[in-house]
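A short write-up of the structure that comes next.
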Amino acid sequence: MKPPRKPIHVVSTWVRRQPPKVKAFLAVVSGMVALVLLRAIVHDHDNLFVAAEAVHSIGISVLIYKLMKEKTCAGLSLKCQELTAVFLAVRLYCSFVMEFDIHTLLDLATLATTLWVIYMIRFKLRSSYMEDKDNLAIYYVVVPCAVLALLIHPSTSHHIANRISWALCVYLEAVSVLPQLRVMQNTKIVEPFTSHYVFALGVARFLSCAHWVLQVIDSRGLLLSAMGYGLWPSMVLISEIVQTFILADFCYYYIKSVFGGQLVLRLPSGVV
């Protein structure tokens with residue numbers, strides 16, 4: 001007699017058999033339920049942004065632990081870390097010239113650790129870097145973001161260069177994880193520390209997206225008006241949603257793997 005299957009396995013099997021449209025609908029519903037719960041639990045929604053930065057920092061800490069303990073950067077994307085450093089550096093510049101606050105200090109700390117990770121991958125642990133797997137052409141990510149920033153950016157009173165820079169960092173952040181997803185797509189097997197890091201990114205970006213969405217709801221759209229006119233306010237919101245859904249599929253398989261007691265995450269074809 002076969003032992004009874006765990007509820008998580010029953011649910012995951014049912015979800016996996018559904019057509020893409022049903023999966024998309026389930027993802028949207030799950031996101032809406034999570035937003036409702038966060039709105040009820042977290043009264044000061046600015047705390048969600050701080051929480052997002054904190055979770056991102058935890059993910060970076062896991063990455064640092066992996067590099068220092070295992071002395072290998074196998075499975076990590078150097079291009080992803082470099083894109084992260086670029087958008088953080090641009091955002092820091094914009095924060096200094098446009099609005100200096102606690103987020104600036106958090107970004108500074110995250111940038112410093114990201115630069116350390118880049119240094120370790122590029123120089124200290126170069127021999128274990130899987131360059132052949134990290135094969136997403138960087139210009140496929142940067143060029144569309146730059147063009148979009150030139151066309152759609154804030155309509156505030158700041159200098160045009162600062163407004164374009166701010167838009168660039170928003171768009172780059174939304175897609176900066178794509179090189180890491182390509183590496184995982186090429187390897188199919190993701191070791192624990194890397195999967196913990198990417199899952200932390202997914203959680204951080206969901207919290208950041210929730211922060212923006214709940215602020216828009218609470219202000220009844222006034223926040224979007226305060227950000228300027230044209231397409232920019234909508235693009236900020238779309239960018240937050242895009243970066244959340246980019247990682248949603250991976251986070252689903254990560255949670256399934258954890259509940260199944262698997263230390264190494266194995267991704268089916270076409271997941272990322």
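Cβ atoms here come from the backbone N, Cα and C positions, even for glycine.
In TrEMBL, annotation is done automatically, which means it is predicted and not curated.
Fair warning: this is a prediction, and the values are worked out from it, not measured in the lab.
Residues or ranges marked as transmembrane segment in TrEMBL: 24-42 (among others).
The transmembrane segment annotation in TrEMBL covers 48-68 (among others). Long-range Cβ contacts of the transmembrane segment (48-68) within its own chain (Cβ-Cβ under 8 Å, at least 6 residues beyond either end) map to 38, 42, 76, 102-103, 106-107, 109-110, 113-114, 116-117, 120-121, 125, 193-194, 196-201, 203-205, 207-208, 210-211, 214.
Within its own chain, the transmembrane segment (104-123) is flanked in space by residues 50, 53, 56-57, 60-61, 63-64, 67, 73, 76, 78, 81-82, 84-85, 88-89, 91-92, 95-96, 129, which lie at least six positions past its ends and keep a Cβ under 8 Å from the stretch. The feature transmembrane segment is assigned by TrEMBL to 104-123 (among others).
Positions annotated as transmembrane segment by TrEMBL: 135-152 (among others).
Per TrEMBL, transmembrane segment is recorded for 196-214 (among others).
What TrEMBL lists as transmembrane segment is 234-255 (among others).
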